[in-house]
Amino acid sequence: MAGNPRKDEISGVDTTGHEWDGIEELNNPLPRWWLWVLYASVIWSIGYWIAMPAWPGISDYTRGMLGYSQRQTVMDELAEVKAGRADIEAKIVASSLEDIAKNPNLNQYALAAGQAAFGDNCAACHGSGAQGAKGYPNLNDDHWLWGGSLEDIHYTINYGIRSTHDETRFNDMTAFLADEILEKQEISDVAEYVLSLSGTSSDSEAAQRGLPLFEDNCVACHETGGVGNREMGAPNLSDKLWLFGGDKKTVVQSISYGRKGVMPTWEARLDPVTIKALSIYVHSLGGGE
Amino acid sequence: MSTKLEQIVKEATVEVEAVNKKENRPLYKKREPIFPKRAVGQFRRLKWLIMIVTLSIYYLVPFIRWDRGPGAPDQAVLIDFPGNRFYFFFIELWPQEVYYITGILIVAGLVLFFFTSLFGRVWCGYACPQTVWTDLFIAVERWIEGDRNARIKLHRHKWDFEKIWKYTLKHTIWLIIGMATGGAWVFYFADAPTLLVDLFTLQADITAYSFVALLTFTTYTLGGLSREQVCIYMCPWPRIQAAMMDEDSLQVTYRKDRGEPRGRAKKSEDHKAFGDCIDCKQCVVVCPMGIDIRDGAQLECINCALCIDACDGIMDKMGTARGLIGYDTDANMARRLKGIPQKFSLLRMRTIFYAVAIFAVCAFMVYLLASRSPLDLNVLRDRNPIFVKLSDGSIRNGYTVKILNKERAPQQFLVTVTGLDFKEIKINDIENVGPAPIVDVKSDNLRSVHLFLSANAQELETSSEPITITITNKETGYSVSNDTVFIGPNK
């Protein structure tokens, strides 16, 4: 490749002696502005090594005279953001949920903070759009096991359901088959009756047979007509929404073995501002009462 | 040749070579300073006039006031970044209407093409800021250091007191012009009278000072130091403009059919053997680009027409007709050489096309502006979840409704939805007023509300029903609609 430099007749410029398939390289000088930029960059970089963190060592690195640290900058910025929020967060702590919801500023802040916190903490079970899944309630609809007011939602988030907290919401759906209270046939009849409450039963005779059984065993919690009782977290069985599913097989399964879904307590894991913000956010999704 | 004429020729003639002649300018050659001589004549006067007009527009427009009522800026032309508005006299644009600016740029481009195809590089020669400011900088230079010969002498002179003070004064004035240029620039982005005071009392924002500094630097460098280098090396337009021109475009032309062979007859020679060009090179010394127009059309020539003035002056003295250098077309040059009469054809496919395009875009813009809505509506359907089933079996969809009130007064809008028999139309907002879905929007503001629509599942014939959301101004009845869909379970 490398040959002897020679003078190119056409341009009058020396070649570098490099040649590829007959194409030779002219040894034109670099543009002067380009050289200036190069020299300036070299000088700049020396200053930069002295002023800024630059060279890695074995256990440390050169810190630079200006003491700049990207990590420290981020920490400072975060602290600054936190300090900037202190004011509004103090107001949120001091205000009742009702007042927060009515105050445009606090409400806007709570909605934004709640949405972010929901994505981080709640979406794993309830879905990113709070649409829920089988066994995990949809928080957009108007069906609430324990109540959909701001206070109710706040309590649920704070203490959880069947959680480890002493104040937790708790109930215990009887496992009618496992505990040998009802026979299989009886459970099937009760299931037909339960389905008939929302008009989805296909066997009215069985439903008739199930009625007395329902009244004996279920109304204590689910009330007459299966309208449910929020005090006890007993779901309304007469509406069109099912947490675990509204087909016969699933209902039989629910009666036979009970349902014991768990929602953790967030009191120790989230700060009071975040829990309030989450309450406001969940309440705003469309089902809030 | 008479003695008198010979005297004139002798006085006028300069031994000079155009420094930017192609052969004189190999790659990597250092810039050679150009000392353009003062030109006198009609084109020079026209250029002074255009300079005064364009610079006045640039410097004074921010100070024109325009009353828009309370709470709105009263500056006629203002680009209000913090307020997200662009004001131009009676026009007030929001950021999402930036296509008007695109339209203006398209029209500006077409007008430029139109004039280029008719008159060649008139933009370069008269109106380009680079030309105008360079002209101004050269005027300052000439005022301090004198005309061409004095400047060359001073340039070559050793550094003595006179040279130092003259150069210092020149560069100081250049910097002041640069500062004024940057100063005027920032006035377009803030209230000009306030900012003017703030700038001088050192209370203005650092951004303002930064831009003043930046434009001082660029004006000083481009107008004072780089000058013709900008046109020759940096500007893309000289390369592009050739595409708009043809043999019928007017250009500053040396009529070589009349001028050649150049030179002057010695007493012994027959002066009829020579053309009108006496080779005095006045056209070269006045040229701010450092070229010789007699070499023909060149990329470096900005068509400033100063060589026309210079040549006309000499022709007057010589008693020959003016116009040895003048606006002419390549086609006419060819015609004259063939002995065919000249013809100027302004109506050509190219110019007609540009004129029609300008008219079409302008008409479209005016139509857009005239039919511009004082109200804008954007509807975004919730996608997560796509729909919600409620306990009574009905289906609910959520929508984010954004209402832009561009008027300078608060307005109330009634929200109506058509396309389905809805069970409930609810605005989920803390400031919702009453059962009728009415939204208050502050003056000149955008409000985003969340709308919930519920319908019985039986209402839905397909899983996705087209619906229309309409907002109506309660007072004026003006309404805007947006089409969207209502989605339910798969059928």
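Here the Cβ of each residue, glycine as well, is placed from N, Cα and C on the backbone.
Nobody curates TrEMBL annotations by hand; they come from automatic prediction.
Here the structure is a predicted model, which means the values were calculated and not measured.
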Same-site heme c 2 binder from A:Met173, A:Met263, given that TrEMBL records A:Cys218, A:Cys221, A:His222:
A:Met173
Cβ neighbours of A:Cys125 (heme c 1 binding site) where a neighbour is any other Cβ within 10 Å:
15
By DSSP, how many residues in the domain 'Cytochrome c' (A:109-198) are helix, how many strand, and how many coil?
42 helix, 4 strand, 44 coil
Give me the CA-CA distance between A:His222 (heme c 2 binding site) and A:Cys125 (heme c 1 binding site), in Å, as a whole number.
26
Radius 10 Å, atoms counted are CB only; among the binding-site residues A:Cys122, A:Cys221, which position scores highest?
A:Cys122
Which residues, in sequence order, are found in the same chain with Cβ within 8 Å of the centroid defined by the Cβ atoms of A:Cys122, A:Cys125, A:His126, A:Met263 at the heme c 1 site, excluding those residues themselves?
A:Asn121, A:Ala123, A:Ala124, A:Tyr136, A:Pro137
Need one number for the heme c 1-binding residues A:Cys122, A:Cys125, A:His126, A:Met263: the maximum pairwise CA distance in Å, whole number please.
10
Tell me the Cα distance separating A:His126 (heme c 1 binding site) from A:Cys221 (heme c 2 binding site), rounded to the nearest angstrom.
25
Please list, for the domain 'Cytochrome c' (A:205-286), how many residues fall into helix, strand and coil according to DSSP.
43 helix, 3 strand, 36 coil
